[in-house]
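Student: Can you keep this structure in mind? I'll have questions shortly.
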Amino acid sequence: MANPVVAIVGRPNVGKSTIFNRIVGERISIVEDVPGVTRDRIYSSAEWLNHSFYLIDTGGIDIGDEPLLVQIRQQAEIAIDEADVIIFMTNGRDGVTAADEEVAKLLRRSNKPVVLAVNKIDNPEMRDLIYDFYALGFGEPYPISGAHGTGLGDLLDAVARHFPKDHGQEYEEDVIKFCLIGRPNVGKSSLVNAILGEERVIVSDIAGTTRDAVDTSFVREGQKYVIIDTAGMRKRGKIYESTEKYSVLRALRAIERSDVVLVVLNAEEGIIEQDKKIAGYAHEAGRGVILVVNKWDAVEKDDKTMVEFERKIRDHFPFLDYAPILFVSAKTKQRLHKLLPLVQLVSDNHAMRVQTNVLNEVIMDAVAMNPTPTHNGRRLKIYYMTQVAVKPPTFVAFVNDPELMHFSYERFLENRIRDAFGFEGTPIKIIARPRK
């Protein structure tokens, strides 16, 4: 199920980013240090009580040279489009401004739940400032202080009351769910249409979330598939074109609901920084990943072109060295027949389990070949390893001291596991724990 999305909307200088940071706390930092992966701070996952959700900070958009009201309108329209619930942020010290009223007009037309927050109410004596904000027409204003963090609990309680009871469509265990992500104009929509165009049995279009995302179900050679959020792939609005950061959020929600993620690259344009960011989202989410190079028909090539392009991909995506690469053309259907079998292989690997006794034979052989590291005269001892989860495959190594497990040795063990069992297309997690 996809987590709901909460957007913080308001004119500049009302404290959106401060409240964003208050709510997400430490969560904005990258959990694992992966080379080449950066996280855009315009959104983050957050939790309140037992509710997980995504939080958007519209204050994260660069103002640039655009007129102020145009920028405000863009912020609000983007949030309206993506959010399940909107926090309308105002500044109690300034009172209701013309810009606040402009935002309110847009939000009233949205039919989305809106919770009104009045920021900078830094002490009880200032509480009377909130009453003017009833005039905006969104019911009770919630007084908060970004500086002190007060009032956020009541605000988030009000937000959580609007969360959808059902976040999305549930599918049977034997259905492989995959999505296509990539920057604009890499050919995601064309690939979706090319995949579906070859199908003889399209089962249904199922509304996949609370809004306009559509999941397309189909069957190929007895295997059930769902392409997650095909509506999102086909939708192109002026707002998204001008603020591409926000298309990230739609990709995140699709990734969250998928088993396998197809990261689509444009062979004509090569690889840019945005491609690396987008691919990083799939890796960080622990999904199976396939790198799909589209528009391969449009590239002038010789017998070395594919090898050289593949080397560039490996150089740019060192954190995805486990992901297979497929060169295709949605236009000419080149190699498209290989795509779904590869999706199925990666999905199977993503859910693969290995027997503990066989796993430990591999680990002991690895240690014999490359002895464990030492630190300050102490040597790492690996007593045994076991697989504790799938999707992605996750292994726990019981050791004498987890601090002695250097990341380079962990990587060595991962490579030995891959050599023994495959796991093509899926990340692997290894966790060192002390033996009790």
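The backbone N, Cα and C atoms fix where each Cβ goes, glycine too.
OK, Swiss-Prot features for this one:
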type    : residues                  : note
DOMAIN  : 4-167                     : domain 'EngA-type G 1'
BINDING : 10-17, 57-61, 119-122     : GTP 1 binding site
DOMAIN  : 176-351                   : domain 'EngA-type G 2'
BINDING : 182-189, 229-233, 294-297 : GTP 2 binding site
DOMAIN  : 352-436                   : domain 'KH-like'
Student: What is the number of other Cβ atoms found within 10 Å of the Cβ of K16 (GTP 1 binding site)?
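Tutor: So the Cβ neighbour count for K16 (GTP 1 binding site) comes to 25.
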Student: Per DSSP, what is the helix/strand/coil residue tally across the domain 'KH-like' (352-436)?
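Tutor: DSSP classes over the domain 'KH-like' (352-436) add up to 32 helix, 24 strand, 29 coil.
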Student: Please report the number of other Cβ atoms within 10 Å of the Cβ of G182 (GTP 2 binding site).
Tutor: 23
Student: Can you grab the distance from G10 (GTP 1 binding site) over to K188 (GTP 2 binding site)? Cα atoms, rounded to a whole Å.
Tutor: 33
Student: Nearest of the binding-site residues to K188 (GTP 2 binding site) by CA-CA distance, picking from N13, K16, T58, I121?
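Tutor: Nearest by Cα distance to K188 (GTP 2 binding site): T58.
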Student: State the mean pLDDT for the domain 'EngA-type G 2' (176-351).
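Tutor: For the domain 'EngA-type G 2' (176-351), the model's average pLDDT rounds to 82.
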Student: Below 8 Å Cβ to Cβ and six or more residues apart, same chain only. Which residues does that give for N13 (GTP 1 binding site)?
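Tutor: Set apart from N13 (GTP 1 binding site) by at least 6 residues yet with Cβ under 8 Å, we have N91.
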Student: Nearest by CA distance to I121 (GTP 1 binding site): which of the binding-site residues is it, out of G182, N185, W296?
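Tutor: For I121 (GTP 1 binding site), the closest Cα among G182, N185, W296 is found at G182.
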Student: Roughly how many angstrom lie between the C-alpha atoms of G182 (GTP 2 binding site) and K16 (GTP 1 binding site)?
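Tutor: If we compare the Cα positions of G182 (GTP 2 binding site) and K16 (GTP 1 binding site), the gap is 28 Å.
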Student: If you measure W296 (GTP 2 binding site) to T58 (GTP 1 binding site) at Cα, how many Å is it?
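Tutor: Per the Cα atoms, W296 (GTP 2 binding site) and T58 (GTP 1 binding site) stand 37 Å apart.
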Student: In whole Å, how far does the CA atom of K16 (GTP 1 binding site) lie from that of N185 (GTP 2 binding site)?
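Tutor: Distance (Cα to Cα, whole Å): 32 Å.
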Student: Around N185 (GTP 2 binding site), which residues of its chain at least 6 apart sit with Cβ under 8 Å of its Cβ?
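Tutor: Residues satisfying the criterion: N266, E269.
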Student: Would you count the other C-beta atoms found within 10 angstroms of the C-beta of I121 (GTP 1 binding site) for me?
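Tutor: Taking every protein chain into account, the count is 26.
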